[in-house]
Amino acid sequence: MWPGNAWRAALFWVPRGRRAQSALAQLRGILEGELEGIRGAGTWKSERVITSRQGPHIRVDGVSGGILNFCANNYLGLSSHPEVIQAGLQALEEFGAGLSSVRFICGTQSIHKNLEAKIARFHQREDAILYPSCYDANAGLFEALLTPEDAVLSDELNHASIIDGIRLCKAHKYRYRHLDMADLEAKLQEAQKHRLRLVATDGAFSMDGDIAPLQEICCLASRYGALVFMDECHATGFLGPTGRGTDELLGVMDQVTIINSTLGKALGGASGGYTTGPGPLVSLLRQRARPYLFSNSLPPAVVGCASKALDLLMGSNTIVQSMAAKTQRFRSKMEAAGFTISGASHPICPVMLGDARLASRMADDMLKRGIFVIGFSYPVVPKGKARIRVQISAVHSEEDIDRCVEAFVEVGRLHGALP
């Protein structure tokens with residue numbers, strides 16, 4: 001007779017490889033169920049393959065003919081600018097493909113320091129620090145800066161990277177209603193017991209195209225002794241008279257404490273993000289921000305492209321000035337046709353449709369007519385608020401914009417979105 005429970009172990013013994021296969025089969029079943037649920041809800045996100053450079057005119061795999069691109073963050077059209085490309089090639093030749101290191105070991109080159117200094121000058125701040133992306137900048141900031149003694153007050157529609165970054169910190173968390181200054185004031189009053197109070201907001205909200213009321217936010221922050229943080233990914237390079245962003249547009253550059261933004265949209269479109277603000281804060285981030293400490297340095301070619309993009313922007317504001325008229329042309333024509341366009345005076349122009357399947361099907365039919373746009377639905381936007389987000393670029397022509405509107409009208413009528 002076998003001792004103890006050995007006989008039970010023998011009875012239920014399964015070879016290790018078979019147990020692993022069983023676990024994998026279980027995982028596959030769970031994942032397939034999740035994926036089928038996404039498809040069934042009409043929120044499946046497919047990835048179109050572009051076979052050309054980024055720009056207003058592109059080629060898409062499986063689609064014949066040229067395509068007009070109205071869904072890129074390439075606001076200034078600099079991603080394919082010849083001087084930007086040449087600067088990237090020059091940096092690649094001079095500094096190599098990459099650093100194979102994090103910044104504090106052997107991953108800092110002169111071009112990294114030069115770009116950080118240039119970013120600080122551009123935003124009129126004391127210092128700046130580069131990250132692989134603005135998602136990383138947001139992930140690194142709050143945890144390094146805020147302690148359990150502090151509080152962060154966040155707009156409910158802030159970008160996912162801000163929300164995720166705030167989740168990582170140990171500060172007390174308050175969420176105020178979108179753009180609701182009365183609610184923000186109530187939350188600031190409630191947060192008076194904490195050491196530091198940081199108001200966190202997008203400058204321009206990426207899904208709605210609306211702009212934070214920075215003057216009111218800064219006024220409340222001053223009244224209640226709070227700091228102001230702003231994510232400028234959808235503003236840097238093209239909002240404000242010289243493209244400095246939302247704080248320049250609204251005349252509060254000296255009142256916003258911290259700015260996070262990206263090199264991956266208007267400033268060349270490659271990748272990279274940054275924080276700019278007080279010198280001691282940037283120094284602390286170099287010591288404490290985990291995405292900075294544990295991620296490889298930005299590749300030299302990316303740094304070279306972004307640096308040249310900033311040079312072009314600081315040298316002339318002609319490109320910036322062309323944005324407003326083109327944005328207004330699209331918005332006014334679409335609204336005259338009967339569409340509802342969210343936001344105001346921003347090149348992000350969300351065509352509000354409500355139904356996820358409708359947004360997806362209309363986007364597919366737009367592509368058949370040579371217009372590349374994307375339908376956005378839950379969880380990227382709230383349920384019942386699906387939309388097609390159109391983004392205007394400085395390099396779109398008036399003819400491009402008119403062609404896009406004509407296609408929307410045709411497809412809208414086809415799907416019953418217009419009478």
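Positions of Cβ are set from backbone N, Cα and C atoms, glycine also.
Note that this is a predicted model, so its numbers are computed, not measured.
Swiss-Prot names CYS134, TYR135, THR262, LEU263, GLY264, LYS265, SER295, ASN296 for binding pyridoxal 5'-phosphate. Of SER80, SER206, SER360, the residue it gives for the same site is SER206. Cα-Cα distances to SER206 (pyridoxal 5'-phosphate binding site) place HIS159, ARG389 within 10 Å, out of the recorded positions HIS159, LYS187, ARG389.
Put simply, HIS159 is the one of the binding-site residues CYS134, HIS159, LYS265 whose Cα lies nearest to the Cα of LYS45 (N6-succinyllysine).
LYS368 (N6-succinyllysine) sits 17 Å from ARG389 (substrate binding site), taking the C-alpha atoms as the reference points. If you compare Cα positions, LYS326 (N6-succinyllysine) sits closest to ARG389 out of the recorded positions CYS134, LYS187, LYS265, ASN296, ARG389. DSSP gives LYS368 (N6-succinyllysine) a helix state. It is LEU263 that, of the binding-site residues CYS134, LEU263, has its Cβ surrounded by the most other Cβ atoms within 10 Å. When secondary structure is read from DSSP and collapsed to three states, LYS265 (pyridoxal 5'-phosphate binding site) falls in the coil class.
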